[in-house]
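Listed in Swiss-Prot:
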- Ser252: active site, charge relay system (ACT_SITE)
- Asp370: active site, charge relay system (ACT_SITE)
- His398: active site, charge relay system (ACT_SITE)
- 136-145: compositional bias 'Gly residues' (COMPBIAS)
- 146-156: compositional bias 'Basic residues' (COMPBIAS)
- 177-279: domain 'AB hydrolase-1' (DOMAIN)
- 49-70: region 'Disordered' (REGION)
- 124-156: region 'Disordered' (REGION)
Amino acid sequence: MLTGVTDGIFCCLLGTPPNAVGPLESVESSDGYTFVEVKPGRVLRVKHAGPAPAAAPPPPSSASSDAAQGDLSGLVRCQRRITVYRNGRLLVENLGRAPRADLLHGQNGSGEPPAALEVELADPAGSDGRLAPGSAGSGSGSGSGGRRRRARRPKRTIHIDCEKRITSCKGAQADVVLFFIHGVGGSLAIWKEQLDFFVRLGYEVVAPDLAGHGASSAPQVAAAYTFYALAEDMRAIFKRYAKKRNVLIGHSYGVSFCTFLAHEYPDLVHKVIMINGGGPTALEPSFCSIFNMPTCVLHCLSPCLAWSFLKAGFARQGAKEKQLLKEGNAFNVSSFVLRAMMSGQYWPEGDEVYHAELTVPVLLVHGMHDKFVPVEEDQRMAEILLLAFLKLIDEGSHMVMLECPETVNTLLHEFLLWEPEPSPKALPEPLPAPPEDKK
């Protein structure tokens with residue numbers, strides 16, 4: 001089926017006039033998928049589904065105290081100062097009150113963020129950064145106090161002071177779109193349970209296959225699988241389907257693209273959900289990885305790699321998990337694409353400062369049996385982000401959306417419906433009460 005659709009796309013391309021500008025918009029397939037050409041010759045399969053168009057809702061009633069109060073719902077003030085020091089440390093100061101009230105039943109995350117958070121930026125050589133709540137002068141290190149004070153010269157300071165309206169995203173609302181982005185080796189099929197669930201609730205959903213994955217085209221050039229190339233693909237898909245309030249849901253490597261889009265389009269991204277995405281560190285490929293072996297060697301090792309993924313990606317390794325792995329097209333890519341994807345994970349901008357600048361509310365979901373992403377990394381992400389909630393799933397692993405679909409669907413839906421209480425600084429002065437009529 002894919003070959004026929006792709007051939008049709010290329011025939012259309014060859015049949016266009018020489019002076020045609022811009023790529024082909026899209027081709028609809030008979031099985032409900034859309035093939036979008038994000039660049040000439042670069043075609044992504046996209047699952048775009050939603051409820052049938054309904055009649056326009058009646059206009060809201062005019063003067064109403066409830067409507068006036070509704071205009072203030074979800075309005076919060078985001079205030080934060082980020083200071084980067086020359087000695088490689090980062091100080092994050094939360095100047096306002098972040099809406100960290102209980103989000104979910106059995107919430108695992110902490111209640112209130114620390115007033116200040118001091119971070120040692122991750123060393124590109126591989127040393128892990130450490131988090132230490134405290135003031136600018138806290139922390140112990142080698143050297144005398146004078147040397148420490150001289151080393152703590154600010155390199156740059158970033159001030160964040162804005163108001164955001166964080167509202168409940170319901171399925172019946174036409175301005176809400178959910179974007180699902182998978183990780184390395186997956187496809188949009190890993191989101192089947194989530195896509196079906198949210199479409200039944202009336203949400204509009206968009207789920208692309210990354211290049212080289214699923215039914216998308218697979219260029220035989222390693223440069224086609226760098227982070228920046230894939231991020232531009234996701235930008236094109238986002239700009240095509242985005243509406244007023246967009247929610248990004250990413251898994252593993254897909255979380256990095258969600259972060260990128262949230263940073264690029266802060267006014268369009270309403271909420272973000274990160275599933276087993278790891279810590280807030282810049283991406284850099286490992287030169288000692290097994291994926292740096294020649295493609296022919298990786299091809300011979302593919303059965304072993306698939307078995308290793310089953311062992312590390314699922315809490316259990318029974319017949320059910322093997323079937324989920326097969327049906328979800330997880331870890332089902334060519335050796336060339338797998339090698340190029342792993343070696344192309346270079347994103348130096350995506351460090352702690354980049355994540356600390358985000359003002360969008362984030363739900364972090366972590367499967368406790370995950371052997372790819374330690375829970376400490378997601379905990380570190382929750383501490384860096386301004387508005388973050390961490391939820392741990394005891395029965396899940398790296399592929400938690402396949403293992404525990406009901407639990408994941410419930411968490412995601414509750415987060416979509418969540419709406420914070422407005423902070424005092426975001427509220428206007430109350431209007432004076434009208435004088436009472438004297439009888």
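Yeah, the Cβs are placed from backbone N, Cα and C, and that goes for glycine too.
All protein chains included, Ser252 (active site, charge relay system) registers 24 other Cβ atoms within 10 Å of its own Cβ. On a Cα basis, His398 (active site, charge relay system) lies 8 Å away from Ser252 (active site, charge relay system). In sequence order, Asn276, Gly396, Ser397, His398, Val400 constitute the residues six or more apart from Asp370 (active site, charge relay system) in its chain with CB-CB distances below 8 Å. The Cβ of His398 (active site, charge relay system) has 25 neighbouring Cβ atoms from other residues within 10 Å, across all protein chains displayed. Here the domain 'AB hydrolase-1' (177-279) has, by DSSP, the following mix of helix, strand and coil residues: 43 helix, 24 strand, 36 coil.
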